[in-house]
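Report on the structure given below.
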Amino acid sequence: MRVLNTCALLGLVLLAVFDSSECIQMSVRPDKGSTVTLSSQLPLDQCLVCTVSGVNDTHTCHSSLSLVPEEEVKLLLDCPQPVEQAYNVTISRTIECTKNACSPATVETQPSILSELTRTFTWELKAPEKTVVSLDILGDGLMEASQLCPDGFQYSVTTSQTNGRSQTEYCRGGSVTRLDLPSEAVVSLRVKPKAEVESVLFQASAGPLKGRTMVLSVGPNTTVTLSRDPNEAECDVCSVNGSSPNCSPTEKTLTNVEALEFGCLKPQDVYSVKMNKKIACTQSSCTPAAGDVEPNLFRDFKRSITWDISVPERTVLSLDFPGDGLKEMSGAESCQNGFQYSVITTRSDGTIKTKNYCKGGAVSHLELLGATTVAAEAPKDGELDLSAFTVKVAPRGGRMMSVMPDPNTTVIIRKMSDEPECSVCEKKEPSSICNPRKLTLSVPRTTSVEFTCPQPEDVFSVEINREIDCTETSCSGDIVQAESSLFPDFNRTFTWDLKVVSTRAFQLDFPEAGMRQIPKEETCPDGHTYSLVTYFRGTATIGVFCKGGTVTNILARYKGRMSLQVPGDRKLDPVNFKLKVGPETKILAIVKVNLPRGVSDTNFITPNYPDDFPDKQQMQWNFTVPGMHNYTMRFSDHTAPECLSENVEVEYQKEGEKVTKLTLTDPQPKHQQGNFNMVLKNCETNRTLQGLTLNYRVSLMRSGHPVLCTVDLTKHKGVSLQIEKVGSDPYCEMSIDSKVEEKIHVASGTKAGLSFLDCPNEDVRLTATKVIGCQNMASCSSTLLTVPKLDSCLQMPLHSFTWHITPPEDGTVDLVSPTGSLRQSLPGQECNQSLSLHVLEGHRFPVGDFCFDGAIPKVQVHSNVSITATVPDFSKTSGPFLNVSYSEEIQETIIYNINPTTSSPTLLATPNWPGGMRPSATLSWIVNVPSGYKAHLQFVNVSQPKCKDKHTSIRVKKLGEEEEMFSRREDKQSEDKLLVDQSFYLNMSNCIPEEGDFGAVTKIVLEKSSNLLAILLGIAGALLLLLTVLAVVCFITKKRKKDKMKKEASIYMGKGNIFRPGDRHFSKSRSDNESHVYTSIDETVVYGHLLADSTYSDSIQDHYKGMQQDSYQTFTGPTDGELPVINEPDSEPEMDHFNTFLNPSETFIPSRPRTPIERQDSLGFQDRRMMDNELYTFKSTVLHTGL
């Protein structure tokens, strides 16, 4: 306490401490029966409550001050803050009541006291036991509120001073006009400063306590229990069905129709209700079939409803929740709306499994095993559905599956959960054999396995074990997993027990992706976790591995087990291991590692890590280091044992170098190159202490030696280079003129400095391009397409060479093979790999792939052309590949010249076959058919589009003729075969397709012509010419004989010689006499064997009807005897004898005429086959004699 002389002095003191201060002085006299307490909300050194007394106005200051009723006192309030915010006033009264009256009967407020401050008026009620105090509210009624009242008048009613939850807030302006309160209740009113308060607020009265009464009916199989909260006020609950009430102060159990009476006004604040219902089920139904609820029973109480559901053994219980379903929650959560469900399952061993749920979730169906209790908690006035859930039951048939182990394979089914309600059974006759813990199947036959629960994958795991026993050279199997279909949704462990002779090792080869070692407590991201254990002189875990890493194979001595663990929610995707018999070894295991290219860090650990490495054993790692890379060894973590004999050593081995031996603490190799082996040797250790462990890392980085190359294209006109990466190695680095690029382009006519870092030749592709152009047709010359020799520093092979050819504006590009004809590569007639020429029209549209030895001597293209040559080795084959020249502009897009072969069919295909032609493109084939041959034309494959504009067209026309032999559109059908007897055009044009493509393959087969009509006409002409010559000869002969007969006579002698003995006949020489001249010759006799047609011979006979003189007749001999012997004088020997006109081999019906038949009708024609025949003289003589 402090004493100050004046208010001013007090203000000065406070002013020295605070910037401002407020000082109020007033006189206060509390009414009788009221206690006024004035207190500061701030500390004593800031705000004071002082009394002023005595002659000298002595100030006595406090932080809180209680005033005596009916005694006036002067108060001084001094505070740096506004007083209405710094002080509180509490005005307390007590209302004493008997069983039937209260004093005072009116509840007054003394409204004028300390009205400048915030005031709280409180009235504490005192009444005898079982007496209720009623406060009738004067003026406006009250209404319950959960927030501050807007007018600043805040009423509060507390029915229990020990339980704050029994406090209720009210505001003015409601329908509550009377408060019935028990003894010890407290009513308060808090008003803001300067608020006008009515002097009288309540009218108080008292009377006997009559609690709440209700009549309720409890259904069958239902028990209702009322329990009082021990923290609440006492309140009896009485059953008044009999003559005398049956009361209980704490708990009441109801089973039938009951009339209840509570000993308190609000039993819902004191009691909670527990309702217990029973549902009995068989294997097919339940009674009742739903969790029924009486929603209005004890609605304003806090309720807990439980349903005890009994089910037979091996029965599945199904619960379906209507509405929005349920949401499972953890033990720490609580439901915001106050509705909570609990599902409690009692197992056969007595253990209880509980799951809690809130309203509003995805869970609407539950399947349960065993006796179940469902509990629902609802808050006061919470609305419950008539049915909380529905119940269904069904026999628990479990799950059945067929299992057939492979030979040498064992299937072990183990229980991994404590769930006792599920067993695994092997179906046998006459009854099944069930085991609640384990089932083993090893006989390779189909076995029916039954689980007695619907979801056995949550209860059991499966191990599939296979034994592989190897000889000294081979093994009985590999590790390609064949049992992937067994138990796909169970947690599975696949194990392979491997064994070789004790001096050898078994070798596991991993696929190209390799394996990655991980600590044994970890699992792989894809769920497939592999581990390898060896059993040589104890058990040692070589390592735990995942897919995708640097380990390519492992050799382990004698016996071991490889295992693969796969969870039930993962599809089996195993690595296919290859198993071999390895060499003899004394090392526990050898791990082969292929370190990747580029910068990398790869971790390795010793067997059993973090446990001890086996005593007196060795472990070896063989590292393959890529070229142009440096490695560094780092021991991240290790422990050294206490050695009883020998020492722990780390050996580094390199081919051709001395072995390096180090300890665990020595500096390990850094920035080394080349492949190496690391061997870890353990000693005999003191096993009571920490053993040997090692965790180390191999760091790899590139050595950084680029390959440099300067490319000079100034000496190769129009040539440019392109280099791109095609391999998967991300560490290949290419640069041009010190700038790193993914693709390099060296422009024509330039020089460039190239650099390649860690780029193998097979990962880089080199292509070259040359531009050939001609602007003026008059100055264009032909060009041979050859590949120039590139700079030798380009170590990668040339993949392809492309020529871009640009003709003059009014010109055409002619492509001719310098070595024979071209052949288009087609399905079934592909070019071999030695050469491929890929041709593009307009640098964009494919024409096709071509090679040599074909039927296309020339290809003409209307537009720009790109030709890409691809050969296995350009250093051996550099061309020339084609001869390029230029000709006048053509109307078609492409023209092919075709020389079909007689030995095999010739196939013609549209550009880009089997793709379609370019829209609106036209092309022609000029097919040269050899003389004496005809061409069979067949359209073997035609694809037609749906045209948007114009039509497709296929036309055939003979060379030199205007009329078309064949025409076909896409919307019309026609024959697909045609016979052409001379050279022809084949023309095709495309429309603008709406859908589909236009393309065709045409086959040409040559066949020899059989021109019988021409041959017959030739023979007829020759015969006519011969007859004309003979007629002339006969005429001249007859005239000469007539002249001679005038001088000589001829005497016929019937017998003997017709000639006179002294006559000298044929005295002329052969050339002068006419002994070989005939007046006429019977051609039917001479040429009869040549004339197959009788009509022709008949016409000859008709020609010579009438008198025929001096004609040659066939001599039949003398009729009266032998011919006389004529001795003629010696004459010149005959040079020629009469022969048949033509030898049979040289008749006028040859296999193939050698000369044009149409020229034989000329007298000037000389047949070489007649030159040596006597008839040839006829012609020369007749011509000589004046024809």
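From the backbone N, Cα and C atoms, a Cβ is placed for every residue, glycine too.
Taken from TrEMBL, the feature domain 'CDCP1 first CUB' applies to 25-97 (among others). The domain 'CDCP1 first CUB' (25-97) scores a mean pLDDT of 83 in the predicted structure.
Per TrEMBL, domain 'CDCP1 second and fifth CUB' is recorded for 103-207 (among others).
For 212-281 (among others), the entry in TrEMBL reads domain 'CDCP1 first CUB'.
Note on the domain 'CDCP1 second and fifth CUB' (288-393): DSSP counts are 0 helix, 58 strand, 48 coil. Among the features that TrEMBL reports, domain 'CDCP1 second and fifth CUB' is placed at 288-393 (among others).
The domain 'CDCP1 first CUB' annotation in TrEMBL covers 399-470 (among others).
For the domain 'CDCP1 second and fifth CUB' (478-581), the DSSP counts in helix, strand and coil order read 0 helix, 54 strand, 50 coil. Here TrEMBL flags 478-581 (among others) as domain 'CDCP1 second and fifth CUB'.
Annotation source TrEMBL lists domain 'CDCP1 third and sixth CUB' at 591-690 (among others).
As annotated by TrEMBL, domain 'CDCP1 second and fifth CUB' applies to 787-884 (among others).
Helix first, then strand, then coil: DSSP counts for the domain 'CDCP1 third and sixth CUB' (891-1004) stand at 0 helix, 62 strand, 52 coil. As annotated by TrEMBL, domain 'CDCP1 third and sixth CUB' applies to 891-1004 (among others).
What TrEMBL lists as signal peptide is 1-23.
The transmembrane segment annotation in TrEMBL covers 1012-1037.
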Ask   = Which one of these stretches, 25-97, 288-393, 399-470, 787-884, 891-1004, has the most C-beta pairs shorter than 8 Å to the domain 'CDCP1 second and fifth CUB' (478-581)?
value = 399-470
Query = Counting by DSSP, what is the helix, strand and coil composition of the domain 'CDCP1 second and fifth CUB' (787-884)?
reply = 0 helix, 47 strand, 51 coil
Message = Can you tell me which recorded stretch out of 25-97, 103-207, 288-393, 591-690, 891-1004 has the most Cβ pairs within less than 8 Å of the domain 'CDCP1 first CUB' (399-470)?
response = 288-393
Query = What does DSSP give as the helix, strand and coil breakdown of the domain 'CDCP1 third and sixth CUB' (591-690)?
reply = 0 helix, 48 strand, 52 coil
